[in-house]
Structure formats: structure tokens, C-alpha cells
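Worksheet: the structure to be examined is printed underneath.
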Amino acid sequence: MGGKGAMMVAILCLWALSATTEAVVTEDEPGLMMNFYSDTCPQAEDIIREQVKLLYKRHKNTAFSWLRNIFHDCAVESCDASLLLDSTRRELGEKEHDRSFGLRNFRYIEEIKEALERECPGVVSCSDILVLSAREGIEAVGGPHIPLKTGRRDGRKSRTDMLESYLPDHNESMSVVLEKFKSIGIDTPGLVALLGSHSVGRTHCVKLVHRLYPEVDPSLNPDHVPHMLHKCPDSIPDPKAVQYVRNDRGTPMVLDNNYYRNILDNKGLLLVDHQLAHDKRTRPIVKKMAKDQAYFFKEFTRAIQILSENNPLTGSKGEIRKQCNLANKLH
């Protein structure tokens with residue numbers, strides 16, 4: 001082989017080796033896994049669990065906040081704790097958007113973060129805190145234990161301009177709601193199960209008055225209407241006032257399948273609840289979950305796992321925030 005031929009072979013070999021090495025590095029980039037912090041912060045999940053329990057003892061409604069957080073963060077393009085970022089002079093934070101109405105208790109996320117920073121500074125991401133606190137909140141209100149992977153890293157910017165594209169509104173058609181969930185990999189049983197989170201917590205009158213005024217929605221159970229009118233006496237409620245209706249009057253603090261029995265009985269508060277019980281695509285699943293709580297929990301577990309693994313930042317992407325409400329300063 002001539003000198004030029006030998007040189008070309010050598011170059012090709014080096015190129016192939018370089019390409020192979022690059023591929024190996026990419027493949028070796030760590031992703032989500034069970035017990036991601038077992039070496040770097042072995043107590044991480046225990047600390048989050050204990051903090052959530054302590055907060056729940058003091059403030060029962062924190063459990064509902066953790067559950068809403070995972071949906072509002074992970075459903076919007078990436079599970080990266082963008083929800084937790086404060087507004088800046090240039091950008092409105094996601095938590096200030098109309099679609100985030102009623103979200104609260106963010107300061108308690110900071111308490112969990114501070115406890116972790118004392119144990120393992122700069123190790124545990126806010127996105128993992130958000131996901132794991134949701135898991136513990138679900139258990140606190142009687143839901144199933146959900147095995148969740150960790151290893152997420154935090155994004156640096158809010159995704160406020162994307163909220164309406166990803167988050168379904170309570171007044172949208174079931175076709176739109178199904179499509180938005182499908183776009184992040186959640187099928188119809190998963191959607192029905194996730195809406196079962198309406199079994200706990202409460203709905204502000206702002207979201208309900210269109211079903212009560214100027215005329216009562218005839219699809220509402222007439223036995224339930226007096227209670228709703230009593231709780232929401234104003235046709236234009238003050239968004240800052242404490243005016244709300246419990247999602248489930250029977251077991252308001254328990255995540256259970258009573259929600260499905262309620263909506264089949266036309267006691268769902270939101271239009272999406274009513275549609276879920278009566279749309280031909282979802283009604284059979286609603287009826288099955290109303291009869292079988294184990295089935296509800298199985299599909300709920302699966303849906304939360306899919307949601308929590310939606311397009312996370314891992315490996316060298318993103319960062320580990322020092323404070324969950326602020327992106328790190330770049331020097």
C-alpha cells in the first residue's frame with residue numbers, strides 16, 4: 001500500500017475511533033434510574049419523605065400542592081422544575097400564569113431543599129424534590145406507593161409561553177384534553193386515572209360560577225346544587241377570597257375512587273369532570289374505576305410514572321439549583 005493509501009487508512013481509523021468514543025460517551029451519559037442518589041446522597045429520599053410528613057402534619061393542604069406541582073411542571077415540555085422559578089423583569093414565571101391559578105405552598109419546597117443542602121450541598125435537584133414530594137404527598141392522602149426514578153436536573157428558564165399549549169383547561173372539550181395528554185405519552189386510562197386526583201382538595205369558586213350563574217347548569221345533580229350555591233354565593237367571586245367547594249364531600253382528604261362515583265352521579269364540579277363521566281371514550285373506564293379502586297391505583301401509578309419521566313434534563317444538561325425559585329448565576 002502506498003504512503004498516501006496508508007495515511008488515508010490511518011485517518012479513517014482515527015475518525016472511526018473518535019466517532020465510536022463519542023457514541024460511547026453519549027450512551028454513558030447517566031439518565032433517570034432508581035436510587036440515583038444512593039452514592040452521592042444516600043439519605044436524600046428519606047429526608048424528602050420526613051420533610052413532607054412534617055409539613056403535612058402542620059399543613060394538610062400541602063399534599064394537594066405536591067400533587068398539582070408534578071402535573072403543572074412535568075406536563076409542560078419537560079420535568080425540570082421550571083414551575084418553581086420566580087418571575088423576573090423579563091419573564092413571567094409559570095406559577096403566575098392564569099393556568100396556575102390556585103397553586104401555592106412553594107415556600108415549603110424551599111424548606112425541603114434547605115434540609116437536603118445541609119446534608120448534601122449541591123447534589124439533589126429541585127426537579128427530583130418536586131417529583132418525590134408528589135409521591136410522598138400521594139401516600140399521605142391514602143394513595144399508592146409509586147416507585148419513581150431520579151436523576152433529573154433543573155432547567156434555567158420558565159416555559160410560561162407554552163402553558164396553554166400543554167395544560168388542558170377545565171372548559172376544553174374531551175377531545176382536546178385527550179390529545180394534550182396523548183402528546184406526553186399518557187393514554188386514555190392514564191388520563192382518567194390522573195383526573196382522579198380531583199378526589200382530594202378543593203376547587204375555587206372562580207372555576208365554578210359559570211355552571212351556577214346566571215342559570216344553573218342542568219347537567220348538575222340538583223341535590224348537589226344548593227351546597228355549591230352556598231359555597232359560591234357570588235356570580236363574580238373575588239379570586240383572592242377563600243371561596244371554594246370541596247371536590248369530594250364524602251372523603252375530601254383521601255385519594256380514592258369515590259370521585260368516579262360522584263361524577264357518574266353528576267356531582268363533578270368542573271366541566272371536564274362531567275365530560276369524563278359521559279364521553280363515550282372515557283365513560284367505560286370511569287365506570288370500571290368507580291367499581292375497582294385497585295384498577296384506579298394501578299393506572300394512576302403508571303400515569304404518574306410516565307408524567308414524571310417526561311423529557312427530563314439529565315447527565316450534563318441543566319443544573320442543580322442552589323435555590324429552587326432561582327436559576328444559578330453563571331460566572
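Any Cβ shown, glycine's included, is placed from N, Cα and C.
Please treat TrEMBL annotations as automatic predictions, because they have not gone through curation.
Taken from TrEMBL as is:
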type	residues	note
SIGNAL	1-23	signal peptide
DOMAIN	31-328	domain 'Plant heme peroxidase family profile'
DISULFID	CYS41-CYS120	disulfide bond
SITE	ARG68	site 'Transition state stabilizer'
ACT_SITE	HIS72	active site, proton acceptor
BINDING	ASP73, VAL76, ASP80, SER82, GLU94	Ca(2+) 1 binding site
DISULFID	CYS74-CYS79	disulfide bond
DISULFID	CYS126-CYS324	disulfide bond
BINDING	HIS198	heme b binding site
DISULFID	CYS205-CYS232	disulfide bond
BINDING	ASP248, THR251, ASP256	Ca(2+) 2 binding site
Same-chain residues at least 6 positions away from CYS74 (disulfide bond) with a Cβ under 8 Å from its Cβ, in sequence order, are VAL131, ILE184, LEU307, SER308, ASN310
Excluding ASP73, VAL76, ASP80, SER82, GLU94 themselves, the Ca(2+) 1 site's Cβ centre has within 8 Å the residues HIS72, CYS74, GLU77, SER78, CYS79, ALA81, LEU83, LEU84, GLY155, SER158, ARG159
CYS232 (disulfide bond) has its Cβ surrounded, within 10 angstroms, by a count of other Cβ atoms equal to 23
Judged by other C-beta atoms within 10 Å of its C-beta, the most isolated of the recorded positions ARG68, HIS198 is ARG68
Rounding to whole Å, the Cα atoms of GLU94 (Ca(2+) 1 binding site) and CYS232 (disulfide bond) are apart by 27
The number of other Cβ atoms within 10 Å of the Cβ of ASP256 (Ca(2+) 2 binding site), counted over all protein chains shown, is 19
Among the recorded positions listed as CYS41, ARG68, ASP73, VAL76, HIS198, CYS205, within 10 angstroms of CYS126 (disulfide bond) by C-alpha we get none
HIS72 (active site, proton acceptor) and CYS324 (disulfide bond), compared by Cα position, are separated in whole Å by 15
Looking at the recorded positions VAL76, CYS126, the one with the fewest other Cβ atoms inside 10 Å is VAL76
For CYS324 (disulfide bond) and SER82 (Ca(2+) 1 binding site), the CA-to-CA distance in whole Å is 9
Smallest number of other CB atoms within 10 Å: among the disulfide-bonded residues CYS41, CYS120, CYS205, CYS324, that is CYS120
For the binding-site residues SER82, THR251, the largest set of other C-beta atoms within 10 Å encircles the C-beta of SER82
